[in-house]
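Student: Below is one structure. I have some questions about it.
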Amino acid sequence: MPKAPVIVITGTPGTGKSTHAALLAEESPIPLQHINVGDWVKERQLHEGYDPDWQSYTVDEDKLLDELEPLASAGGIILDWHTCDLFPERWPDLVVVLRCNHTQLWDRLEKRAYPLKKIQENNEAEIMQVVLDEARASYPEEIVVELQSEGMDDLQANVKRIIDWIETWRKEHSFDDKSAS
Ligand SMILES: Nc1ncnc2c1ncn2[C@@H]1O[C@H](COP(=O)(O)OP(=O)(O)O)[C@@H](O)[C@H]1O
């Protein structure tokens with residue numbers, strides 16, 4: 001029995017991962033559970049403490065992978081996180097890397113009241129396409145898709161594109177929805 005797909009939505013913080021993942025979970029033709037990995041880390045204490053300087057948790061990667069493994073094996077999830085090379089190559093069927101121009105990204109991050117150095121670091125990472133390079137280095141070229149996320153039109157078009165991918169995937173794998181839950 002084929003499992004439902006595992007879709008990774010990644011990108012620099014503020015590029016729109018959670019917004020895309022939430023809409024995709026709502027509109028997907030097969031059930032997909034949206035896992036906001038950052039929230040999981042907090043809620044399930046999968047970390048080694050909080051760094052107040054950077055306002056972020058130091059992730060316990062082994063614990064996180066142990067928690068996610070059964071879900072990834074079962075399929076039918078969207079993994080929403082600002083990094084992706086941690087996930088084993090066998091997990092994702094599709095890796096979406098969201099991109100945003102740095103001026104807009106700066107504004108989005110400023111609205112989050114991030115410390116200046118965190119805004120600067122993320123902005124530089126986006127300019128240097130760190131997450132895209134990481135995705136390309138970690139997964140087969142044909143499953144990595146780079147998408148712009150700069151306006152509501154992009155959001156709608158991107159989610160539609162992922163849904164089209166799911167439809168094709170479903171046909172190719174003769175996937176029956178009833179086996180998804
Ligand atoms: N394509 C887009 N068009 C317009 N606003 C967007 C878009 N993507 C994200 N945003 C806005 O940017 C902010 C950050 O989005 P979010 O989904 O939380 O990013 P991430 O999960 O990557 O950190 C939110 O206020 C969201 O509404």
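Heads up, the Cβ atoms here are built off N, Cα and C, so glycines get one too.
No curator has checked TrEMBL annotations; they are predicted automatically.
Note that the structure is a prediction, hence the values are computed from the model and not measured.
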Student: If you check TrEMBL, which stretch out of 36-59, 156-179 is marked region 'NMPbind'?
Tutor: 36-59
Student: For the ATP site that TrEMBL describes with Gly14, Gly16, Lys17, Ser18, Thr19, which of these is also annotated: Arg112, Arg136?
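Tutor: TrEMBL names Arg112 for this ATP site.
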Student: For the region 'LID' entry in TrEMBL, name the matching range from 100-110, 111-121.
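Tutor: Going through 100-110, 111-121 one by one, TrEMBL flags 111-121 as region 'LID'.
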Student: Same chain, not part of Gly14, Gly16, Lys17, Ser18, Thr19, Arg112: whose C-beta falls within 8 angstroms of the C-beta centre of the ATP site? Give them in sequence order.
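Tutor: Along the chain, the qualifying residues are Pro13, Thr15, His20, Arg108.
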Student: Enumerate same-chain residues with a sequence separation of six or more from Thr19 (ATP binding site) and a Cβ-Cβ distance below 8 A; give 'none' if the list is empty.
Tutor: Leu155
Student: Rounded to a whole angstrom, what is the largest C-alpha distance between any two of the residues Gly14, Gly16, Lys17, Ser18, Thr19, Arg112 that the record assigns to ATP?
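Tutor: Answer in Å: the longest Cα-Cα distance is 15.
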